[in-house]
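**Q** Got a structure for you, questions after.
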Amino acid sequence: MKRIAVMTSGGDCPGMNAAIRSVVRTALNYEMEVYGIEQGYSGLMEDQFIKLESRSVANMIQRGGTFLRSARAPEFKEEEGQLKAMENLKNQGIEGLIVIGGDGSLAGAKVIHDKYHFPVIGIPGSIDNDIYGTDMSIGVDTALNTILWCIDTINDTASSHDRTFIIEVMGRNCGYLALMSAISGGAEAALIPEVPFKIENIIKKIKERYEEGKTRSVIILAEGVGSAGDFGKTFDMIGGFETRITVLGHIQRGGSPTHFDRILATRMGASAVDSLLNGESGVMTALQERKIELVPLGEVLNNKRKMDKKLLEIAEVLSK
Ligand code: ATP
């Protein structure tokens, strides 16, 4: 294999640049040529290829976002778009492709492998940690650290005024960010889509905590549960509170990647190149018990991550 390409697709996340850097420098070390595809599947269909050298990825490991830029390109779900993309890969002389992104991007990679029999490796990049088969996706750790900084900051003001705060965090239909940040941020409750709850029970719990002498309360709400604004209104109406709402929003997607994310991205990038050279295709790099393994894309996409029951228990016990 002499020439490969790499792209980032779907929602961006911290660590994507570190992964691209690793792909480029690992491939160059094997004397391969590397092309970057700008704007994900959109750039693949529109022939936006740029040659990447070692210097192209200099000063990049610490930068959030993706310098190749990302996009959502529904046209790639249609055969017409796919044929354009495959034609471009052929004309550019590309022999293997690495796709960094979330579930949707990996579904696109599976099409390239299954339907067009083209060598492709996926790397999981998404702050939500909703991708099956890997303990962690690139970007999750950085997002959690950003959320934690916000919780700590809000805690300071909440304690000074005996206030109840509701903090809405990202994660789509996955409650991982909410649950983990509630545990590490010492919040009173994590409301996540995976676990049904009654608002009356949350109110009762918060009131009991105040009676026991707590001076503030923080509730972490996963966006998959609904909007913090709506939840807060009902919470105040039934419970007689005057809660303050903070929606963290896109702040969670940016920022310089943490040490963990830089190392994870670097290991996955190197593994993706090695895997292409070893003749692998249709698989995703995955962190499993500290090792980087390969998981078939079919298995990744046909399964749903389960919430760790022990962590749910811990969150309940420690929020007292
Ligand atoms: P995030 O988790 O941040 O949303 P994502 O990779 O899941 O990232 P999507 O918008 O779902 O983001 O997908 C990114 C792109 O992948 C789509 O715009 C489309 O080009 C391609 N894609 C998604 N699903 C498919 C599919 N079933 N078949 C082919 N291509 C797909």
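Any Cβ shown, glycine's included, is placed from N, Cα and C.
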**Q** TrEMBL has Arg72, Ala73, Gly102, Asp103, Gly104, Ser105 binding ATP. Which one of Gly11, Gly171, Gly175 is in the same site?
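**A** Only hit among Gly11, Gly171, Gly175 in TrEMBL's ATP site, alongside Arg72, Ala73, Gly102, Asp103, Gly104, Ser105: Gly11.
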**Q** What is the number of other Cβ atoms found within 10 Å of the Cβ of Ile251 (substrate binding site)?
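**A** Here the count is 14.
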**Q** Nearest to Gly104 (ATP binding site) in three-dimensional space, by Cα, is which of the recorded positions Asp128, Arg216, Arg244?
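**A** That would be Asp128, nearest by Cα distance.
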**Q** Count, for each of the binding-site residues Gly102, Gly104, the other C-beta atoms lying within 10 angstroms of its own C-beta, and report the residue with the smallest count.
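**A** Per-residue Cβ counts within 10 Å for the binding-site residues Gly102, Gly104 bottom out at Gly104.
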**Q** Among the binding-site residues Ala73, Met170, Ala187, Arg244, report those whose Cα falls within 10 Å of that of Asp128 (active site, proton acceptor); none is a fine answer.
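**A** Those near Asp128 (active site, proton acceptor) - Cα within 10 Å - are Met170, in sequence order.
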